[in-house]
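Only one structure is covered here, and it is reproduced in the block below.
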């Protein structure tokens, strides 16, 4: 199925359908086309079918059939029938013939045991290799999906299809569907040998079906997948999992590859059986094709919690039955802080690695023991050593070489066997303590989690394989076409099957958009095809990849036809040839010839030809009936080229016996002085002559004499008369003369420019002499003009200049045609269809930053010259826009500081820098403020004269020139401005600044003041020590810096700003804090029951910060594991309860301030012993409490004013035990039976919903609650207004929830 053919008109009226045939039978497929005579092709698996004994192809009128004889399993493929641009695909499904039922056991002896084992094994392998069918997924009414893709399971080498269905009844256009693996891998770019994406649309059910087919699955395909579907305003996604099972044994693959393994299977089976009886039970499930359940090992919940993310804690607690999750998490927090140092690894793997696709990566660890065994795992499975096969299946450490099976296989069979370790690219290295795993030629299959295992310790990492960006190796080319013509944009990318995006004028193109765009991929080539172009298709087309962009322009012109040479009138004599010829601009245009308005039908005498742009009508042996008006009409154009054929009738009158020679040029009916012939055409001039006796005819051109039919005597006479130095007898050749009885014919075949000149014809006989001069003018197309010149280059335009051609071909130049192309392209694009009369032209609609070339054609009435040489390459670029936000930053007595921002538009020419100028007030001369250009966006102009008033302007400069100027409107006076000193103290410094010991202190205080003020720092009234504290001052701020804070840096700091007699000062308090010391004098005051009383005094060193509390911990004397009893405890005495009888406890206390807990703790010297006592528990006697309560409204009804036509609700809350019954009234009328009202009660919240109220629904609403203990009621007033805009600004349209919220806001 081809999506590009979905909306095209099909050429088939009857299409072949998928058929199911038993092997050995005949399959027949039939198709009918709209018209008969259409050529039909049949294809098998993409290859055209040729007729043979196997395949019989028949065609009868518009009926076509394909017959396949003796159908076999190899014929189970996809077929197609093609007619014109229509293609229909169908399948032939071949099923095996039904097996003959086996005889009963009583009728025939049982087969030998060995035979049954063979059969069982082969059946197992066949079933394993087949793909598992996917159960039909149930309908899912939630979201956009009608049916979501379900979890699937497949065996290695099998196929599986996931299906998603989307309802299209409410969608205006086809939804967009994407398939992902994991979180981020888009499978749209992975379509190929192992992955196919299909979609179709059922017009009956109006359901879109999207399928993802996985072909020949392998273990790396397992994992989580996601299908996302989106429309213009909706989005939905569905996740599913794929499980890939390993094949039960590689012997199944080996047996199905070639019959050569059958003799060896029995010996293998005997080996496995012997190993099984020897105690290796892992072999028995393999031979039976069953799995063996293993006892689950003891689970370490602590290890699971340590590795799991916090979001999974509750799930793990539920799964493993953890009841005290909070206590375990507190302990886990301490365990995580006190992680043990690895004993097996000196250096572990990094958390993650990244490598480009196709490159090599090395994963390295350092182990503590150089002799330790190291295992490498990928996604939890061990990686086997490259180049050797250590495992045939799980638990079978047997090499294929030891069984001597591989030597019996052909090379092709070896390649078809997929065994672990074969063709893998892993290399293991051991260099001293280092263990290195090298992965060569990384692919997306290597994007996984890796582990290095040494004993019981593991080191984890994750490898990310990055695909290289897709580059455009051959860009798009500009095109110019006529309306209705086919357009094909082509580009080439760096990777086959890459995904690209097509845009037109910045808008993405899709197949659904007017169904006119076709996208095609052919290896690395990408195509955009427009079958029938229109004027609206003109514009810039862009192809984008993740690594490049290419732009081309399409110009679609209306069809115009130019006549380069029209047909001319002819005068011919009887039995001669008449040729009408014309030349038009389009060689594909056809036309018809008319004679007196009727179409000319060609025959043996009349020939019609069309070669390229030239159309000819040739009439042999002209007769008087051929005299008429002839016309040529091009098809599809309003042109009519006409000419007249005149038949020359020669009349012979009686003349005297002796008659002087006479040339009858006047009988031609036109002035014969000048004859014009087009270069390359044939010139035939019939000159009637008379005279008796027959005169001698001589043709001359510049001393060249042409003699026809002269005797030696006549030749001698001519020589004596003319004294010509050279005479030529020319009756054959390109220039020749033919002599007839009453006329002579002068012929030039393929006229050339050298044939131009004056030709003289002389007639002589004894009676007299006659002569005439005929001028022949040869006209041709002009010479090509010289290369054009380019000037005035802008952002997307330029001006082209050229000179007329040196030779105009003998005809005035009618105009010029201009073409352009990109420098690296070979396609020239015409810029004008109407001839240009001037010698300049402004070319527009070019792409900025692309290099172009131009060339010129000259056109006269004969045709178009050859192209001129190409112009010098040029690039359309434009100057940038002017800089923005140009302002004065500071002024002094001799300097001015300016700043600005870059231009809004820079363009393809980039930005070379900025040119800064100033002009004195009253002058017009702009002086450069800086030498050359500056690339910065600020400048300090120095050495200015105090008191001058200056204007400043700035321009941005690039290759195209200077931008417009950004100016400062008012003049700037060069004079220092006295500014009062003032600190701008940051908000966080207005309170005490607290820092920990060892931290960096960096205080920045901005200020203002001119001229530059004097700054003084004091601490506690004393000058600061520059060795201990760093001070840095600038013109705008002052900085105090302490690299490593100590406790003695605490104190009050004061900074003063002084300008002459003006000053400003601020004070800053810095507090450096440290961890406190441990508490003092801890005492175990008393022990009783399960309790122990403690007392202590505050620490001697509080760390220069207030003591926030204490942390009390206990430890059993047996284990000495410390557990926290109190956190952030503020008193200096406490009672520790819930101690266990018979145990002895130690206690310790940490003090805490802003910096944290103290480094050490105060610990009790003696333990507290909890004595065992014989006590009996007497349960207390409680009187049963009566919870009954009369109804009471906890939240009243609120008066409401609503808009008519919109649903509204009234809400209140009630409390009462037992649960009260609720009644609603309107104006004392019960509302229970009215369908207009809906009542809700949820957890004591009562709601009355009024559906689309009208003014009639206004009134007093009452809610009554009744139970056996009493009753209560509450009421409110509801006003319903007409549907008009609310002047208070409340929304006129609100849903129920929003209305309730808005009501509460108004009430509050």
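Each Cβ is built from the backbone N, Cα and C atoms, and glycine gets one as well.
Taken from TrEMBL as is:
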DOMAIN    135-243  domain 'Ig-like'
DOMAIN    340-454  domain 'Ig-like'
DOMAIN    468-562  domain 'Ig-like'
DOMAIN    784-880  domain 'Fibronectin type-III'
DOMAIN    882-977  domain 'Fibronectin type-III'
DOMAIN    981-1069  domain 'Ig-like'
DOMAIN    1078-1173  domain 'Fibronectin type-III'
DOMAIN    1191-1275  domain 'Ig-like'
The domain 'Fibronectin type-III' (882-977), counted residue by residue under DSSP: helix, strand, coil: 0 helix, 45 strand, 51 coil
Secondary structure content, the domain 'Ig-like' (981-1069) (per DSSP, counts of residues): 6 helix, 52 strand, 31 coil
Recorded stretch that, among 784-880, 882-977, 981-1069, has the most CB pairs under 8 Å to the domain 'Ig-like' (468-562): 784-880
Whole-number mean of pLDDT values that fall within the domain 'Fibronectin type-III' (1078-1173): 92
DSSP residue counts for the domain 'Fibronectin type-III' (1078-1173), split into helix, strand and coil: 0 helix, 52 strand, 44 coil
Residue counts (helix, strand, coil, in that order) that DSSP gives for the domain 'Ig-like' (135-243): 7 helix, 57 strand, 45 coil
